[in-house]
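Asker: Starting off with a structure, shown below.
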């Protein structure tokens, strides 16, 4: 049964991944990629890692939908309804893709995997994952979190056209900010 | 804190029950509408919206030029299907859930996020301006409600020390989480109409853009999308019960009956509030969500975290 489910998921994931480079519509390409990644989430759940599998589905759906918005906004084909190719540098890309696939597949066979200490798999892999991330790798995760946060803050600072001096005045004297559109927690418009 | 296996019929019973709850919500909404309009509040008024089911099944579908039929249908189906899948992790009363997943809370969250994809596709694929605006409006709204919702879901899971919905119910023995996590409960209840694009958060399907994501869809597809809306409202109400309201706990009645009574109460409150409140724009809601709700829900999640560390 598990083998059958794995087979279905694997074949669907590969087919969808292939369709990414065949389909012409930007929206279809994005959602083919999303379907492939959801199948990967299913495979991860089959491996006995339910948390990682479900979180993979959760995160990829969110980021793919947001990505679709930007893909369609920035491509020369705004509505995504006209055909356009996802392929650039066809032969170079194919060589790189095949090389990476072979290297990763060779890794499966060549890496000396640790042997399970006999018997049953662990009862709660979610707990194990949490311990691994927040125990020995705590420093790594904290640093990563800070780097990500500062990147986000920096990106927003670079992207926003209006700062607090535009909102609160040159001496920050306004009690209620002045925004182009009224609403939210700010005051009424100008 | 282990969970037995649910009987096989529960896999069928849970979706059927969810559908009945969704129909009840639709009928209740019709009754409120009848009262508002001064029409007689009768059983006929309650059942009339359900006539839409055969009517839409038989209706001739409308088409738009240069539409993407595959993506449209996918989007329209994803919304109700993910609603049904989301409740499979809910235990009925004290019993086991049909899908005894150890990460039930994350599963519910992942299924709810599926509506992002479904509604954006439903808005984009018909190649119509108002539907497209509706799809983008939903994404703007989603960015607002999602993070407070995630922290609201994290709070009870932290208190229970488990992501399994059955364990969260068991952890509320004696004291419901709503008592000491009212902020998380409020943020959760605010997110339910948001992912059901209902009531004050029907902005993606608002009348000012001629129905938005619901504007072009017709026939059986329309039935699926509107069903998805009511199913999600019912699923959100059903999930509030094991998370915050003690699941099937209560005197005299059996567990499943208490679960049902509490779900109906939450659903009734949501439908009533949906009728009573005006539509809020996504930009307003976004600012409220990120400036006010998000810090509040983080502070709320800190409370069970400190209790868990001390305990």
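Residue numbers in this text run from 1 along the chain shown.
Glycine residues also receive a Cβ, built from the backbone N, Cα and C atoms like all the rest.
Please treat TrEMBL annotations as automatic predictions, because they have not gone through curation.
Take a look at what TrEMBL says about it:
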TRANSMEM  B:6-25  transmembrane segment
TRANSMEM  B:70-93  transmembrane segment
TRANSMEM  B:113-136  transmembrane segment
TRANSMEM  B:143-163  transmembrane segment
TRANSMEM  B:175-198  transmembrane segment
TRANSMEM  B:230-249  transmembrane segment
TRANSMEM  B:255-273  transmembrane segment
TRANSMEM  B:285-310  transmembrane segment
Asker: Any chance the transmembrane segment (B:230-249) and the transmembrane segment (B:285-310) have 3 or more Cβ pairs under 8 A, given the pairs are 6 or more apart in sequence?
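Answerer: The answer is no, given that the two segments have fewer than 3 Cβ pairs within the 8 Å cut-off.
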Asker: Is the transmembrane segment (B:113-136) in contact with the transmembrane segment (B:6-25), using at least 3 Cβ pairs under 8 Å (sequence separation of 6 or more) as the test?
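Answerer: Counting Cβ pairs under 8 Å (6 or more apart in sequence), the transmembrane segment (B:6-25) does not reach the transmembrane segment (B:113-136), since there are fewer than 3.
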Asker: Which range wins on Cβ pairs under 8 Å with the transmembrane segment (B:285-310): B:70-93, B:113-136, B:143-163, B:175-198?
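Answerer: Maximum Cβ contact count belongs to B:143-163.
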Asker: Do any residues, 6 or more residues outside the transmembrane segment (B:70-93), come within under 8 Å Cβ-to-Cβ of it, and if so which ones?
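Answerer: Those are 3, 6, 10-11, 13-15, 17-18, 99-101, 104-105, 107-108, 111-112, 114-115, 117-126, 165-166, 169, 217, 221, 224-225, 227-229, 231-232, 234-235, 238-239, 242, 247-248, 254-259, in sequence order.
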